[in-house]
Amino acid sequence: MMPDQPATACPLVLASASPRRAALLAQIGVIPALTLATDIDETPLKGEVPLKGEVPRLLSRRLAQGKADTAIRVLREQSDAPLAAPFILAADTVVAVGRRALPKAETEAEARQCLTLLSGRRHHVWTTVVVIAPDGKRAERIVESAVTFNRMTDLQQEAYIASGEWRGKAGGYAIQGLAAAYIRFLSGSYSNVVGLPLFETAQLLRGLGFRSL
């Protein structure tokens, strides 16, 4: 009798080194066979700033598509690639206040700037998910959530900055962590704000024939 095949053995490549996205996929029983760190230029292009609300959507879409294309190229270049024809999943999350896309905070100064802009305001989080099937078919979805921060005092901001939780996070905060104490309202997908909208991701995978969901 063959041993039970674990639900985690999935022919899927995650084009992201984000532990948050890997953890979210695991939540719905999907653990990638391979993860790839896809380093691409995340600088907004001139054509991505035409209309209010369009900036972060276009930026998120371009970056997610770029990550997917990079993953394809890397897999083709690796002669010893462990998977001949996997599904590829790429995603990119952009946090924006109005037309202004916030950075992935890497310094305390960037984190402080983000928190100052977010404090007492509503902002939007866009994640584009791109899935490529083994036969080359593509599907994508852009998901939007709205988040409202309570007004943070200077002392609260400094305490959060001291935690270091913001480092590498889009918009300089993690809703699944200490920042939850300052989230007054959320409209839309919670997992989208963490980094991967699970319902929409599962729909994309199912639609392209991913059999583990």
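Any Cβ shown, glycine's included, is placed from N, Cα and C.
D92 (active site, proton acceptor) falls within a strand segment according to DSSP. Cβ environment of D92 (active site, proton acceptor): L59, S60, R61, L63, A64, K67, T127, T128 lie under 8 Å away, each six or more residues apart in the same chain. The active site, proton acceptor annotation in Swiss-Prot covers D92 and rests on sequence analysis.
Summarising the annotation, Swiss-Prot assigns site 'Important for substrate specificity' to R20 (among others). In sequence order, A174, Q176, V194, G195, L196 make up the list of same-chain residues 6 or more apart from R20 (site 'Important for substrate specificity') whose Cβ falls under 8 Å from its Cβ.
The number of other CB atoms found within 10 A of the CB of T93 (site 'Important for substrate specificity'), across every protein chain shown, is 28. The feature site 'Important for substrate specificity' is assigned by Swiss-Prot to T93 (among others), with sequence analysis given as support.
In the three-state DSSP classification, Q176 (site 'Important for substrate specificity') falls within coil. The Cβ of Q176 (site 'Important for substrate specificity') has 16 other Cβ atoms within 10 Å, all protein chains considered. Annotated site 'Important for substrate specificity' per Swiss-Prot: Q176 (among others), in sequence order.
Under DSSP, R20 (site 'Important for substrate specificity') is assigned to a helix (H, G or I) in the three-state scheme.
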